[in-house]
Amino acid sequence: MALVLDGRALAKKIEADLLVRVEALKAKSGRTPILATILVGDDGASATYVRMKGNACRRVGMDSLKIELSQETTTEQLLAEIEKLNANPDVHGILLQHPVPAQIDERACFDAISLAKDVDGVTCLGYGRMAMGEAAYGSATPAGIMTILKENNIEIAGKHAVVVGRSAILGKPMAAMLLEANATVTICHSRTQNLAEFVKQADIIVGAVGKAELIQKDWIKPGAVVVDAGFHPRDGGGVGDIQLQGIEDVASAYTPVPGGVGPMTITTLIRQTVEAAEKALA
């Protein structure tokens, strides 16, 4: 029977440790770590995600500062808000909720975030440092996936990892992190021909493509480790990017959907904010 890589249970364990660290930081410095969240526009799903991150802050004893901007906000206005947060010594992490309205240059705004406060790992500078093996906060979802693999003693070095998806905040940093952990990495994407043939070679498969159940169960190599970073609402629940029904009969380990990667994305963001506060208040 396959090992279930339970992200919810691991997130609770990490949050318990973070609560202790935050209390110690408060006792030592008299300050509380603060994550600033910026929500632009009225996207319902984005508002839900921001609320979940605020709840996670409270669970570990942190504060969150919620900045809400109108749908008509310009790039210049958003950059001005980010610069205020960069300059605010009480703010230790900055999250710009993706996506932003179409008129905004999202990349310019991501890159305006101070490296010391880039706890969601979205800046080009942070990505470049991470890809070169230097210290930087990792993009939250792939960094959370790496924690899941390491905490469950999944062997990475020397394994063939196939990442399906090449987005700037998931697929590309995921591949870089696996490479840094000494995996042999293949990146597949929308232009990849014969996708199934690549997936069938994978010791570790990461679904990060954003298409419901694109990766079929019968493509999975027996004994592979299956990581599904997708979520697509369906019939009161949801499915991921990988066809998981019956996967326990094929894989050696897998992340469920929901309850696998998702909880660890938020917990990683919170953990990196605590780390940023510890550095700032040392």
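Every residue gets a Cβ built from N, Cα and C, even glycine.
Features of the protein shown, as given by Swiss-Prot:
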type    : residues                       : note
BINDING : Gly165, Arg166, Ser167, Ser190 : NADP(+) binding site
Cβ density check for Ser190 (NADP(+) binding site), other Cβ within 10 Å (all protein chains) comes to 12
Site extent for NADP(+) (largest Cα pair distance over Gly165, Arg166, Ser167, Ser190, Å): 11
May I have the list of same-chain residues other than Gly165, Arg166, Ser167, Ser190 whose Cβ is within 8 Å of the Cβ centroid of the recorded NADP(+) site, in sequence order? Val164, Leu170, Gly171, Ile187, His189, Ala208, Val209, Gly210
Please list, in sequence order, the residues in the chain of Arg166 (NADP(+) binding site) that are at least six apart in sequence and whose C-beta is under 8 Å away from its C-beta. Lys172, Ala175, Ile187, His189
Using Cβ atoms only, which residues of the same chain lie under 8 Å from Ser167 (NADP(+) binding site) while being at least 6 residues apart in sequence? Ala208, Gly210
